[in-house]
Amino acid sequence: MFNTVEAGTIVGGPVNNDTVNMAQVQTSRKGFCSVRHGLALILHLCNLSISTQQMNMSIALPVMVNNTALPSSPNASTERPPVDSQDNWNETLNESKAVAAVYDWSPEIQGVILSSLNYGSFLAPIPSSYMAEVFGTRYLSGTCMFITSVLALFTPLAADTGVTVLIVLRVIQGIVQVVLLTSQYSIWARWAPPQERSQLITIAVAGSVLGCFIIFLVGGYLCQTIGWPCVFYIFGGIGCVCSFLWFAVIYDDPVSHPFISTKEKEYIVCSLAQEGSPPGWSLPTKAMIKSLPLWSILIFYFSDYWHFFVLTSFLPTFITSVLQANIRDSGILSALPFASACICVVPGGLLADFLLSRKILRLNTIRKLFTAIGVLFPAVLFTSVYWVRSSFSTTIAFLTISSAIKSFAQSGALVNFVDIAPRYSALLRALSQIFSYLAGAISPTVNGFLISQDPELGWRNVFLLSAAVGILGLIFYLIFGQAEVQDWAKCRHAPASERTE
């Protein structure tokens, strides 16, 4: 069974049972009314804002250019959703163009604009993990939150100035966002007790999923009724507000936080007592390269984000072309899978922590069980979508349920890097982001090629390939994944007796 000593081992070594147990009793009454959960909520809002800023161009671009043609497919759904006529859609689109500028950008230019947000993604993750240690997460992430929000406010002006200016702005914005998304994970190495790690991180991560849902749900409507610039103004303004909240609430560690209670501070500090000092510039590079548990996490990130980019890149097209929904309904329907994932991701984290705190399952078992659930069941449902596409309601139900179940992986392999090396959590998050962006560079290209080769069977191949990649990543993780702190991630000054698993 998983006892308190093992919980201490997760963060670097054994802790005093009596001290931790007493602190747990003293703080158990706080529940969600604690500073650490307040930090998770602020991170949730910031991730929500970042997510909307990452996707607002995808929503606004069809209205920004002179291209309103809708795709079609010979094998369309025979069960139709309630949709307005194409004439009404064109009329609404023309009204939106009357209140906002439109541009004669070719499809190639549009592709560059959309992908420019990721041009610097491969360069920023590793340096940002070091910058978080040098400048502190509070100031680094808070500043990045403010900068990317201001850049979002200036996006309409950049578009009017010229496409080159717009692309440069988005490249800078993408780099700043990567720094923010990477550096924020170093907070949990100092704030998250081992038995609450899943719920705190999933609360924060759920903001990204909720942001996808919100921008899909309201982005198209705002572009049609008010004009596409309002999408950048509204969500850029929300980001500025989040940056002010960040500086007011977020601190690098519990010791420096001015509003935290003594009991909660002692509980967190005692839980993480043996974690050790920040890694600074010294890294066990060779040991990390040889670490199969680390590679299992990175490979799973690639396989999981392959599926994610299939949803974000092609789900609206699938609903529009195969299910024959109009563009407005397509946005709402595309939001449903993200809504279901957002609803289920936090309960999944709570369930994982419940199983751990009640000593029902060991942490390693929990991570692998939740990962397997989050891959196998969604793979079956996702691949079945092609064969049930003649039924509109069944297709949407399968997509929604598969995304809900897939959110369980967030309490599995996707958070596992904090378990195996809490001292290097920001760096490992950076490495995982590189593999995520690698999937983002390959998945849309490969799947787009499959669809272009055969508009009918291409979708079948896209779904089957996504399931195959996910299952291969799962198999590698189940074989080599671990949840114990690795030897290379432990405090080098700790006695040998404390390094024994």
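Cβ from N, Cα, C; glycine included.
The domain 'Major facilitator superfamily (MFS) profile' feature in TrEMBL is assigned to 39-485.
If you look up TrEMBL, you'll see 139-159 (among others) marked as transmembrane segment.
Annotation comment: TrEMBL describes 165-188 (among others) as transmembrane segment. Packing against the transmembrane segment (165-188) from elsewhere in the chain are residues 39, 43, 46-47, 50, 53-54, 57, 112-113, 116-121, 123-125, 127-129, 131-133, 137, 140-141, 144-145, 147-148, 151-152, 154-155, 158-159, 197, 200-201, 204, 250, 252, 278, 418, 422, 425-426, 429-430, 433: each is 6 or more residues past its ends and has a CB under 8 Å from a CB in it.
The annotation transmembrane segment is assigned in TrEMBL to 200-220 (among others).
The annotation transmembrane segment is assigned in TrEMBL to 226-251 (among others).
Cβ atoms under 8 Å from those of the transmembrane segment (292-315) belong to residues 55, 58, 212, 334, 337, 371, 375, 378, 382, 399, 403, 406, 409, 413-414, 416-417, 420-421, 428, 431-432, 435-436, 438-440, 442-444, 447-448, 451, 462, 466, 469-470, 472-474, 476-477, 479-482, 486 of the same chain, restricted to positions at least 6 beyond its ends. What TrEMBL records for 292-315 (among others) is transmembrane segment.
Feature annotation from TrEMBL assigns transmembrane segment to 335-357 (among others). Beyond its flanks by at least six residues, the transmembrane segment (335-357) meets 2, 7, 195-203, 205-206, 209-210, 212-214, 216-217, 311, 315, 363, 366, 370, 396, 399-408, 410-412 of its own chain at Cβ-Cβ distances under 8 Å.
Feature annotation from TrEMBL assigns transmembrane segment to 369-388 (among others).
Taken from TrEMBL, the feature transmembrane segment covers 430-450 (among others). Tertiary neighbourhood of the transmembrane segment (430-450): same-chain residues 118, 121-122, 125-126, 128-129, 178, 181-182, 294, 297-299, 301-303, 305-306, 308-310, 313-314, 417, 458, 461-462, 465-466, selected by CB-CB distance under 8 Å and a gap of 6+ residues from either end.
Here TrEMBL flags 462-480 (among others) as transmembrane segment.
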